[in-house]
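J.: Before I ask anything, let me first share the structure, which is written out below as structure tokens.
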């Protein structure tokens, strides 16, 4: 009998999979549901085994069968709750639990992305208020590190132990972090708060499996697009909202966190009231929870957490906090990499009973390609998100208000969201779509290398449409990553692993962009600006002060430049803009390497049309069902006692 788990010593599908018993509807048989649940490639033998098992127990109530079908040594992912959508209770998709859960997941995503995107554009202003502090970089770094690493942990742990309290707790953690940031008297306190927000965001950004498993597979693309709607205030319009808090309210930058406190707290309540996915007892029935806790792969979780933490820290430090050739950067990167290698070796040859990352996750070519395409798309997106705001400030903001710069900085985020919304309308032939949108987005982004200080309209159009097509790619691959998997019961494991991989790859690429930019600016500015201002009449001794004044942009900085006249200022600003444009051009050219690789891999993107069924992984109204399992367990105990 076929082994479906991919784990040493696992039972056959007949022994380990307990299904909720539903009559098959005319549009989808139970065989189809099982094919989707237990294999990207399908296994008819396994499906027949399940049908025979179900037919032999037709007189047993569904939840009693589920409870009686599991023992302590059962498969770690537990029961299968798949059901065709036409077999759901009448009005399920209009029920309070479903609607409340969808609202909670959307708001949670807004909180997760907003915890970083809302504060990142105004960190300089924050530093001027409660700093200055040389560790300001850690405000954003702490969020990125904790959220990236937490994704893989949340996905796997909730697959095994249930999701409800993790999502309640994650949003509560986000609330606490926002409170700490709102009252932060200094930068270290702000770093502590962002760390808590990042931990919470690792749950909040786990939207892919949270929303994907509660809707039919064929509607996952629309469900993902729905979640991204909530990214409009948290990401798409984040720079404008941040500037509005600072320049148009009395709260200032702290108003950002007041907003996040309210949003996180409300979302926590929504999850508590309405989100009721299968519990541990429903997943594993009579299995001993303490035994599962004791058998968990704690060595694996320590290795993957420490390895990713050190590697990402080293990458983030390079060229910012420390020079790339410094011992701190080199040792941290190398040590982190070696620990990641040790983690992979442990998961492969250590055979933990409840592996942190089942190695079979990486044995499916289609899924692996999807994750790389998702990651490379994110890497290109980060080029937009990182480069464009600073490019606007350096090349196009002269003569405009700060709010104008804030709105202009929203262009990439709005383009991404527009592409995601459009992609949701075309759920078929996703592999062909990816083959088109990825290279088109890459070409448009590469064309940004032609930008000059006089091409604000053209540059804005290019960055918008480049982001649009990358957003299209983002939605397709993030959704396919939850569909083209071996076992839908492990959707959290796959999505969490993919999300962490995406963060790792995009962090590396982002570091490349910022390093190239800083290196090029160090060449182009000294080559163009001093000569231009001296030729215009500025004393050579004032050149350094002039460059500092451009970068600061304050009246006090300009007043400190001796010998400055309006004519000299105009000539110097123009030279600075041209030098910056030359540096940005080089960075946009580097994106061609990633978009080129992605365009080649897009040829091998998997086609998941045959998997877009009406199967729903789980429902979110299981409070009564959980009680039914408890009753079934008590009946089982009484039967066992009577036999003895």
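Here the Cβ of each residue, glycine as well, is placed from N, Cα and C on the backbone.
What TrEMBL records for 1-63 is region 'Disordered'. As annotated by TrEMBL, compositional bias 'Basic and acidic residues' applies to 10-30. What TrEMBL records for 44-58 is compositional bias 'Low complexity'. Sequence annotations record features per position, and here TrEMBL assigns domain 'Major facilitator superfamily (MFS) profile' to 101-610. For 138-158, 165-185, 191-215, 227-249, 255-275, 296-315, 327-346, 366-384, 404-425, 432-450, 456-476, 583-605 (among others), the entry in TrEMBL reads transmembrane segment.
Explain the structural surroundings of these features, please.
T.: Counting only same-chain residues 6+ beyond the ends of the transmembrane segment (138-158), those with a CB under 8 A from a CB of the stretch are 112, 115-116, 119-120, 123, 126, 166, 170, 187, 190-191, 194-195, 197-199, 201-203, 205-206, 209, 296, 301, 304-305, 308-309, 312-313, 316, 356-357, 492-497, 499-500, 503-504, 507.
Outside the transmembrane segment (296-315), and at least 6 residues removed from its termini, the chain residues within Cβ reach (under 8 Å) are 141, 144-145, 148-149, 152-153, 157, 160, 328-340, 342-343, 346-347, 350, 352-357, 500, 504, 507-508, 511.
Listed by sequence, the residues of this chain that lie at least six past the ends of the transmembrane segment (366-384) yet keep a Cβ under 8 A from its Cβ atoms are 40, 412, 415-416, 434, 438, 441-442, 445, 463, 466-467, 470-471, 473-474, 477-478, 480-481, 484-485, 494, 497-498, 501-502, 504-506, 508-510, 513, 587-588, 591, 594-595, 597-598, 601-602, 604-606.
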J.: Express the predicted model's confidence over the domain 'Major facilitator superfamily (MFS) profile' (101-610) as a mean pLDDT, rounded to an integer.
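T.: Average per-residue pLDDT within the domain 'Major facilitator superfamily (MFS) profile' (101-610): 89.
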J.: Report, as numbers and ranges, which residues of the same chain sit near the transmembrane segment (404-425): CB under 8 Å and 6 or more residues beyond its ends.
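T.: Long-range Cβ neighbours of the transmembrane segment (404-425): 117, 121, 221-222, 224-225, 228-229, 231-232, 235-240, 242-244, 381, 384-385, 388-389, 392-393, 396-397, 433, 437, 460, 463-476.
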J.: What stretch, picked from 255-275, 327-346, 432-450, 583-605, has the most CB pairs under 8 A with the transmembrane segment (165-185)?
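T.: Comparing 255-275, 327-346, 432-450, 583-605: 255-275 has the most Cβ pairs near the transmembrane segment (165-185).
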